[in-house]
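Have a look at the structure below, then the notes.
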Amino acid sequence: MSFVPGQENAGSRSSSGNRAGNGILKKTTWADQTERGQNNGNRGRRNQPKQTATTQPNTGSVVPHYSWFSGITQFQKGKEFQFAGGQGVPIANGIPPSEQKGYWYRHNRRSFKTPDGQQKQLLPRWYFYYLGTGPHAGASFGDSIEGVFWVANSQADTNTSADIVERDPSSHEAIPTRFAPGTVLPQGFYVEGSGRSAPASRSGSRSQSRGPNNRARSSSNQRQPASTVKPDMAEEIAALVLAKLGKDAGQPKQVTKQSAKEVRQKILNKPRQKRTPNKQCPVQQCFGKRGPNQNFGGPEMLKLGTSDPQFPILAELAPTPGAFFFGSKLELVKKNSGGVDEPTKDVYELQYSGAVRFDSTLPGFETIMKVLNENLNAYQNQAGGADVVSPKPQRKRGTKQTAQKEELDSISVAKPKSAVQRNVSRELTPEDRSLLAQILDDGVVPDGLDDSNV
């Protein structure tokens, strides 16, 4: 019994036009229509015989035979089509492992002319054929053939042909190519999808079945390729990839002083209860200094605000708007308006008090308690009372010189002695005594006179 890919029972096939045995309209793939596209406008003429591998023109515009599966298209030049051993056979319902053997056939596609007049060759597309079918039906498994890559399941017997029927595109559509888990697709290739032309296929078939009066209308609904590949698809894919990489892999946006100022001003323009402090607009700029009435926040959290890594777990304790209004004690208080020169306006405060209750079963309880203990009344542990974040100390001019002067003044330096003091130890000579006697009124110089009494 011959096997039919995609069907459990091979005997259920039908050849009734474009409908399968179950009466469902079947669509065809791009490979099917490429071969028949040349005869679309030749109604009433005798159909041309199907071209085979030996009669295929070098232009590559015709796909010989009909593969059971959608193709694999190359989109990067210089890549080699290959599968690892035991891989590469498309899977389909109804095909036992013993029949999973065959080859991938390279179809050289047509060339096209670019807007500047140059000829450009489309990269090839590969189609799978079971062993004993397709353009190389008479070849043995493993024969060295240009443009053929052999694949087989580890349980398949490659010495015999696969018992698989040829595909009739009028009865069976091409199956989307799928591989067994773990199969590595060749680099630089992608699997052609199928089914994208199903609406056009059905509308085209319906319009053709309405009679000759609708043939002109049906010409605009001709079935389109199931997988339309633009000539420059490889370039487009590369451009998209580069654009994506350029977006994601670019340098991080730098925050300048100007941008930080704009962010801060944008936050401060909001009502007080709508502000969200962050690095650009710290807590004290949003809500003021810490003190008895605003007693939460340590130095690190006051700098980072909600950007602090510990803040998200605290946010789990924050009440919802519903809990705020319905679970708190609210009081509306009218406040005095501005100064005398300011326009008169009514100012109110919605004062509230409440509590958030939690216990040790709360996820992250220990971390929450640690963060709360570090930030509650943290201003009391800082020098300067309510000023938790101490301002940057200003450098006073002349401080260094003043300190040096004070240091010099604190050092006691002995003053040099006079000439008389330096001679205290010298004995008086008789000449000195005579001279002193003349000076003194009484003319007597005591014997005990020394330089210390002079």
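Cβ coordinates are placed from backbone N, Cα and C, and glycine is handled just like the others.
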Of the candidates Arg125, Arg178, the one that Swiss-Prot places in the RNA site of Arg109, Arg167: Arg125
Spatially closest candidate among Ser170, Thr177, Thr429, the listed modified residues, to Arg109 (RNA binding site) (Cα to Cα): Thr177
Rounded Cα-Cα span from Thr177 (phosphothreonine) to Ser170 (phosphoserine), Å: 19
Secondary structure of Ser170 (phosphoserine) (DSSP, helix/strand/coil): coil
